[in-house]
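Have a look at the structure below, then the notes.
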Amino acid sequence: MGVTALRELIPSKCKKTLELKSLSNKSVALDAYNTLYQFLAAIRGEDGRPLMDSKGRVTSHLSGLFYRTINMLENGIKVAYVFDGAPPKLKTREIERRQKLKQEAEKKYEEAVRRGDVEEARKYAQMSAKLTKEMVEEAKRLLEAMGVPWVQAPSEGEAQAAYMAAKGDVWASASQDYDSLLFGSPRLVRNLAVSGRRKLPNKNVYVEVKPEEITLKCVLEELGITREQLVAIAVLIGTDYTPGVKGVGPKTALRYVKSYGDLERVLTALGVDDKELYLEAYNFFLNPQVTDDYELVWRRPDPQKIIEILVYEHDFNEERVRKAIERLMKAWKEKLSTKQSTLDMFFKKR
């Protein structure tokens with residue numbers, strides 16, 4: 001979910017619309033779970049059901065991962081995917097909330113199907129999207145076959161991606177959520193994996209979605225706050241780890257934080273009972289669990305392995321996959337395989 005309400009505070013001058021080609025030769029750490037969920041929600045049939053193979057296994061995530069990654073590589077974007085590890089205990093409440101919402105959505109989906117309401121069925125089918133361990137492992141296998149690096153985070157993927165960006169190992173972190181800024185990423189790119197012509201939910205309307213760059217330094221300077229205060233604001237309005245203080249929205253939180261200086265004083269002034277929860281979440285954003293155990297190497301794709309995974313195992317159309325592989329190989333040769341770019345892209349962690 002992330003801190004969606006935080007977008008209200010992002011100054012317009014700190015947002016920059018990008019063309020995919022403008023990211024050529026830039027490396028980006030992409031939040032894998034966030035991206036795969038987008039594919040699961042968006043890539044569906046007319047009835048709202050996800051794409052499946054002959055054995056009934058969901059393949060929407062693989063389709064999105066394969067074709068969208070090729071699109072990014074064709075534009076010279078050196079993308080690496082960062083996968084979540086064990087969620088922090090702080091997130092237990094949020095995970096339970098999401099599971100309950102998915103269960104409710106599944107029931108409403110079945111009811112809509114019985115009524116013959118296609119639009120409602122599609123809406124609730126998207127809301128009930130699930131990402132299993134098996135699906136995650138399939139995604140990793142496909143990325144390896146494509147020669148695209150992936151990183152296993154010890155905890156939150158966004159925290160790891162932000163760490164990699166802060167170290168300068170990648171140019172930016174990419175996610176639909178704003179948590180990357182809270183975790184200290186100097187640069188966040190949104191809409192990277194979903195750019196292009198997209199249909200609005202429940203409407204027969206299409207819009208052009210373009211990548212958007214948000215710079216942390218600009219946000220802090222324009223709001224006149226520190227990163228610590230930005231985290232305090234987020235914790236007050238609600239995150240994956242805190243429910244948010246009742247009656248406190250983004251602008252009110254900004255005013256309180258600037259007035260009192262830090263989170264603990266604001267919590268005391270507001271008479272918040274569960275102060276420890278908010279302070280624990282605050283400290284987690286500032287000191288998340290991350291690792292240096294990763295390599296960023298864009299290797300030569302393995303066409304036969306890709307065909308085995310997509311065509312033989314999951315019934316993808318062989319002709320279409322082979323044509324996409326041709327694009328992938330062309331992108332690798334032209335954008336990723338030169339000696340100089342290999343030097344630029346290789347970061348071996350000690």
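Note that Cβ sites are derived from N, Cα and C of the backbone, with glycine treated the same way.
On a predicted model such as this, the values are computed, not experimentally measured, just so you know.
Per Swiss-Prot, the features are:
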type    : residues             : note
REGION  : 1-102                : region 'N-domain'
BINDING : D31, D84, E156, E158 : Mg(2+) 1 binding site
REGION  : 120-261              : region 'I-domain'
BINDING : D177, D179, D240     : Mg(2+) 2 binding site
REGION  : 339-347              : region 'Interaction with PCNA'
Close binding-site residues near D179 (Mg(2+) 2 binding site), where close means Cα within 10 Å, chosen from D31, D84, E158:
E158
Distance [Cα-Cα, Å, rounded] between D31 (Mg(2+) 1 binding site) and D177 (Mg(2+) 2 binding site)
9
D177 (Mg(2+) 2 binding site) sits from E158 (Mg(2+) 1 binding site) (Cα to Cα, rounded, in Å) at a distance of 9
At the Cα level, what's the spacing in Å between D177 (Mg(2+) 2 binding site) and D84 (Mg(2+) 1 binding site), rounded?
14
Out of D31, D84, E156, D179, the listed binding-site residues, fewest other Cβ atoms within 10 Å surround the Cβ of D84
Just to be sure I understand, if DSSP states are collapsed into helix, strand and coil, how many residues of the region 'I-domain' (120-261) fall in each?
67 helix, 22 strand, 53 coil
Relative to the mean position of the Cβ atoms of D31, D84, E156, E158, the recorded Mg(2+) 1 site, which additional same-chain residues have Cβ within 8 Å?
A32, Y33, N34, V82, A153, G157, A159, Q160, A161, S175, D179
Whole-number Å only: compute the distance from the Cα of D84 (Mg(2+) 1 binding site) to the Cα of D240 (Mg(2+) 2 binding site).
14
According to DSSP, collapsed to three classes, what secondary structure does D31 (Mg(2+) 1 binding site) have?
strand
With every protein chain in view, what's the tally of Cβ atoms within 10 Å of the Cβ of E158 (Mg(2+) 1 binding site), excluding that atom itself?
30
